[in-house]
Amino acid sequence: MNQSLLVTKRDGRTERINLDKIHRVLDWAAEGLNNVSVSQVELRSHIQFYDGIKTSDIHETIIKAAADLISRDAPDYQYLAARLAIFHLRKKAFGQFEPPALYHHVVKMVELGKYDNHLLEDYTEEEFKQMDSFIVHDRDMTFSYAAVKQLEGKYLVQNRVTGEIYESAQFLYILVAACLFSNYPRETRLDYVKRFYDAVSTFKISLPTPIMSGVRTPTRQFSSCVLIECGDSLDSINATSSAIVKYVSQRAGIGINAGRIRALGSPIRGGEAFHTGCIPFYKHFQTAVKSCSQGGVRGGAATLFYPMWHLEVESLLVLKNNRGVEGNRVRHMDYGVQINKLMYTRLLKGGDITLFSPSDVPGLYDAFFADQDEFERLYVKYEHDDSIRKQRVKAVELFSLMMQERASTGRIYIQNVDHCNTHSPFDPVVAPVRQSNLCLEIALPTKPLNDVNDENGEIALCTLSAFNLGAIKTLDELEELAILAVRALDALLDYQDYPIPAAKRGAMGRRTLGIGVINFAYWLAKNGKRYSDGSANNLTHKTFEAIQYYLLKASNELAKEQGACPWFNETTYAKGILPIDTYKKDLDAIVNEPLHYDWEQLRESIKTHGLRNSTLSALMPSETSSQISNATNGIEPPRGYVSIKASKDGILRQVVPDYEHLKDAYELLWEMPNNDGYLQLVGIMQKFIDQSISANTNYDPSRFPSGKVPMQQLLKDLLTAYKFGVKTLYYQNTRDGAEDAQDDLAPSIQDDGCESGACKI
């Protein structure tokens, strides 16, 4: 290697290249790692050096050389590359490897307008010194390379135009903790700050993108998911569109319920005009969604919901596909089709489904969610009423069209609205659930807005986080983690701003949280269980019972301290009804694990003191934030032992946790023979989870004789999901040959899954 090359330092000076210094940094980064070669990294990077190269480019070249060596046989390169990247990041942020004192850092960032000045108003210099003593900067060295790149690309406070970085990861974690507990009493708050900091910086609790990138900055909107219901009037349609623009500009993913909009050809003002139907208004919503990127962190994204019996359903089901022309397609949103038992019954009995415009059938739309018996009574009545415009379609044809579009686009989702209301924390008579969100894990009440400042409307918000099952040894640890997650997210509701009154009203009234899990596949592998063979059923029951029990207990304790949420009376919890009372009893045939916790005592305590939060759990996708914790995505099986994730920061390789010891214990996605075992597990989780679950269905066409997935199989899985009480289905993934070119490398759903959506974490 040419020792006489000149390099350009960060301050502009030039000097001869110092290969010893590079070697020392690499030796430091490789310490304690297995099966990594410093000379390999040096060889790969040296050939890319040139005269006059900047020292920062040398650093980036070495990092890239190490990252390119990450493989199934040498997974530790992900830590070597990460340590080098952390070194580089700290140099960029602080001009040196050693981080500055926390207090001085915060003062400087507040002066620059990067941090919220409330930090200096709420805490004294002395308290910052104490917080500084809580920080363990060496925890930066536990990140994988994929995690560091995600931090750099999405989470660390930075100037997105110039690329300047202003902080390191441990400052992010301690300051999120400081912001969230700033209103707690002075004598207890630093204890909570320390406990929360320890939980998030050791990856036991995983936080969503809006919290990681936003808390501590002057922008205060951190709810990941926003659910907006639209009424059947121009005023409401415009109010919905304004609300969408406000929220996509602030990092949120959107669920839109457009099911009330009347069908094409309906009379307006008693026949004075002829209605243009749903599609022009869906286009209007699509334009609103795409008008802003989510705070520079990701592009806007939405899922729009409508009932299966809508008169225009056959035109709506095809809106996403590649056929058709611009005029009859609205491709840049995803869609959720709403179904109930009556629709499934018609399918099973070979009957018809009758389609109506919601505007022609008084009471039917509301009953679809609030009262299944009343819905059936009205539906049959209107079917026999010759004065009402309608269309009959064979149920099997309509379901087949829906499943064909789900198969070809992967992005037609399913919401079983009866399960969402019968096994719900809300009383459907007063607070029916009429939609879900972008990624199908949220089930909350909404009311249409007539204008953006409508006091009577209700926009639902959900604030997310997750427990990392891979980072805990026993389920008992969940008790402390539940206390921290519930208290932090509950405090966030008071800490954040609400751009629209209808959102503030709902958030303050219901105080809804959605706490889920990541790293479930690792949890199964560690416990020697598999998705597909039933061996995980009892463990899953035990795990999710513990999660929901400890979350309810934490919210009940918080209610004793700070009062129940104001609209607690609209929940089923207020009547002493718990998830263990309303689950789908078909599950009892596939799981025989008894209940392990004292639910009766909890029931009494909830009836007496209430809950601080109307909902506590939801199982969301976690494509991005699971990379920070080096965890598997949500509840999903991994696609490969090494996954390749494309993000705007380039290709990131990530190896499944503890690969060397557990490689034979993991069950990969395409090794599962069918969806049955997975759907059973989702049903068992749904027994306890009070909101919903982003559950996917997966198909490998090569497993079928014709090389195509038969419609019969798609419908069978849809009915299996319904039978086990599954509320929602998210993606449908179809295996194509491309991802098998290298058997250990699996591209994950690209990181714009959910268009890199916000209701993931």
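The backbone N, Cα and C atoms fix where each Cβ goes, and this holds for glycine too.
What Swiss-Prot says about this protein:
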DOMAIN    5-95  domain 'ATP-cone'
BINDING   LYS9, GLU15, ARG16, ILE17, ASN18, LEU19, ASP20, LYS21, THR55, LYS91  ATP binding site
BINDING   THR209, ASN437, GLU441, GLU623, THR624, SER625  GDP binding site
SITE      CYS225  site 'Important for hydrogen atom transfer'
BINDING   ASP232, SER233, LEU234, ARG262, ARG269  dTTP binding site
ACT_SITE  ASN437  active site, proton acceptor
ACT_SITE  GLU441  active site, proton acceptor
SITE      CYS462  site 'Important for hydrogen atom transfer'
SITE      TYR730  site 'Important for electron transfer'
SITE      TYR731  site 'Important for electron transfer'
SITE      CYS754  site 'Interacts with thioredoxin/glutaredoxin'
SITE      CYS759  site 'Interacts with thioredoxin/glutaredoxin'
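Structure with Swiss-Prot features highlighted.
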residue	record	contacts (Cβ under 8 Å, 6+ apart)
ARG16	ATP binding site	GLN3, SER4, LEU5, LEU6, VAL7
THR55	ATP binding site	VAL7, THR8, LYS9, ARG10
ASP232	dTTP binding site	ARG260, ILE261, ARG262, PRO358, SER359
SER233	dTTP binding site	ASN450
SER625	GDP binding site	GLN150, SER206, LEU207, PRO208, THR209, MET212, ALA466, ILE518, LYS760, ILE761
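Taking every pair among ASP232, SER233, LEU234, ARG262, ARG269, the residues recorded as binding dTTP, the greatest CA to CA distance is 13 Å. Within the set of recorded positions ASN18, CYS225, LEU234, the entry lying nearest in space to GLU623 (GDP binding site) is CYS225 (CA atoms). Helix, strand and coil residue tallies for the domain 'ATP-cone' (5-95), in that order: 52 helix, 8 strand, 31 coil [DSSP]. CYS462 (site 'Important for hydrogen atom transfer') carries a strand DSSP state (E or B). For the recorded sites TYR730, TYR731, the ranking by surrounding Cβ atoms (within 10 Å, all protein chains) places TYR730 first. With all protein chains in the displayed structure included, the most crowded Cβ environment within 10 Å among the binding-site residues ASN18, THR209, ASN437, THR624 is that of ASN437.
Over the domain 'ATP-cone' (5-95), the average per-residue pLDDT in this prediction is 94. Non-local neighbourhood of ASP20 (ATP binding site): empty, since no residue in the same chain at least six residues away has a C-beta under 8 Å from its C-beta. For the recorded positions given as LEU234, CYS462, the lowest number of other CB atoms within 10 Å of the residue's CB is seen at LEU234. In the three-state DSSP assignment, the secondary structure recorded for THR209 (GDP binding site) is helix. By the criterion of other Cβ atoms within 10 Å of the residue's own Cβ, the least surrounded of the binding-site residues GLU441, GLU623 is GLU623.
Sequence-ordered, the extra residues of this chain that approach the dTTP site, with Cβ no more than 8 Å from the Cβ center of ASP232, SER233, LEU234, ARG262, ARG269, are ILE268, HIS275, SER359.
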